[in-house]
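Peer 1: Features from TrEMBL:
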DOMAIN    5-354  domain 'Aminotransferase class V'
BINDING   Arg42  L-glutamate binding site
BINDING   Ala76, Thr77, Trp102, Thr152, Asp177, Gln200, Asn242, Thr243  pyridoxal 5'-phosphate binding site
MOD_RES   Lys201  N6-(pyridoxal phosphate)lysine
Amino acid sequence: MARAYNFAPGPAALPESVLKQAQADMLEWGTAGASIVEMSHRGPEFMEVAARAEADLRTLLGVPADYAVLFLPGGATTAQALLPLNFAAPGATVDYVVTGHWGKTALRQLTPAVTANIAASGEPDGFRNIPARDTWRLTPGAAYVHITANETIHGVEYRPAWGEPAPETGDVPLFADFSSSIASEPIDITRYGVIYAGAQKNLGPVGISVVIVRRELLERTGQPRADIFNYGSQLAHDSMLNTPPTWNWYMAGLVFRWMLDEGGTPEFDRRSDEKAALLYGAIDGSGGFYRNDVDPAVRSRMNIPFFLAEDAHNAVFLDGAREAGLIGLKGHRVLGGMRASIYNAMPVDGVRALVAYMQDFQKRHG
Ligand code: PMP
């Protein structure tokens with residue numbers, strides 16, 4: 001059976017060539033006599049895999065030398081819990097801009113040791129827009145400002161039409177959850193203090209996350225914590241304070257290489273524009289049969305939630321989609337409806353197939 005076009009939000013589609021490479025490498029790594037998953041993380045084979053993955057990610061994202069790159073087990077939620085422990089002293093204020101479900105999740109990872117200030121929230125508007133920068137109530141001297149670059153469920157993303165993609169926060173470092181949009185376009189890393197992302201959308205399989213941090217921030221004392229939760233210690237040990245998720249790290253490395261081979265972030269930026277224009281065009285051009293409620297200035301290019309005018313059509317839509325080779329379209333339970341996640345590994349042809357299916361479905365049920 002042919003592989004379907006997979007619109008799942010994460011774990012998400014991986015490039016077929018990456019899966020094939022992993023399949024080929026699974027049994028034996030070169031002449032090592034064992035699979036890469038069976039070898040010591042401190043052995044020369046894996047050390048090389050790890051170093052190459054970091055070098056490729058640095059090239060892909062243009063990470064400057066004064067930024068450290070950590071590969072850590074766990075997901076974005078783990079990072080959300082570790083940010084205040086590493087970068088906010090007890091009693092400090094941290095500013096959060098909440099533009100959807102994942103911004104709220106980030107807030108929930110804070111402990112009472114810090115004071116949380118919601119500097120702005122899109123919740124009163126149903127997370128359909130991002131509050132204008134000049135309405136944010138930032139705290140002078142806050143430990144950091146936290147934003148969610150792309151909200152995976154609500155489909156809201158900082159786009160140029162909103163203003164600066166990396167909003168100005170003065171002397172207070174900007175921390176951004178890039179889980180669902182990392183490597184989808186060139187970004188200026190120097191605008192951020194910390195960028196973090198769970199791998200399972202744009203970077204590889206779930207189980208590992210990437211944290212990019214301006215080195216000087218690692219000098220902060222933060223809060224009392226076990227060494228394993230200390231980003232500075234992790235850096236000093238090359239993210240190998242304990243046994244790292246080697247397979248996930250290796251797989252992420254394959255994805256980085258694939259992205260570089262495909263043309264890097266400028267090419268994925270171009271493809272993302274094309275894919276998003278196709279899908280939003282189909283939704284907006286459907287005369288109300290399909291609907292996306294997000295302010296066009298901040299519509300995500302990665303996750304596109306949409307609703308059918310008649311809820312009764314949802315199950316039929318999903319069944320037919322599956323038959324047409326289109327999977328993973330069911331919306332998150334928070335919003336209902338549908339959601340198409342179209343990360344870097346989703347080819348333009350996959351989106352064309354979805355649009356053709358949507359138009360055909362409308363002819364039959366409109
Ligand atoms: N932030 C964003 C933007 C996400 O999309 C997700 C997962 N969908 C998370 C955080 C939580 O990630 P994890 O499940 O890896 O902890």
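Cβ coordinates come from backbone N, Cα and C, glycine included.
For each feature listed, report its degree of burial, its nearest neighbours and the pertinent distances within the displayed model.
Peer 2: Counting only same-chain residues six or more apart in sequence, the Cβ atoms lying under 8 angstroms from the Cβ of Arg42 (L-glutamate binding site) belong to Met240. DSSP assigns Arg42 (L-glutamate binding site) to coil in the three-state reduction, placing it in neither a helix nor a strand.
Thr152 (pyridoxal 5'-phosphate binding site) carries neither a helix nor a strand DSSP state and counts as coil. Taking Cβ-Cβ distances under 8 Å and a sequence separation of 6 or more, the neighbours of Thr152 (pyridoxal 5'-phosphate binding site) in its chain are Pro9, Gly10, Gly100, His101, Trp102, Ser179, Ser180, Lys201, Met302, Asn303, Ser341.
DSSP gives Lys201 (N6-(pyridoxal phosphate)lysine) a coil state; it is part of no helix or strand.
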Peer 1: Please report the DSSP secondary structure of Asp177 (pyridoxal 5'-phosphate binding site), reduced to three states.
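Peer 2: Strand, per DSSP.
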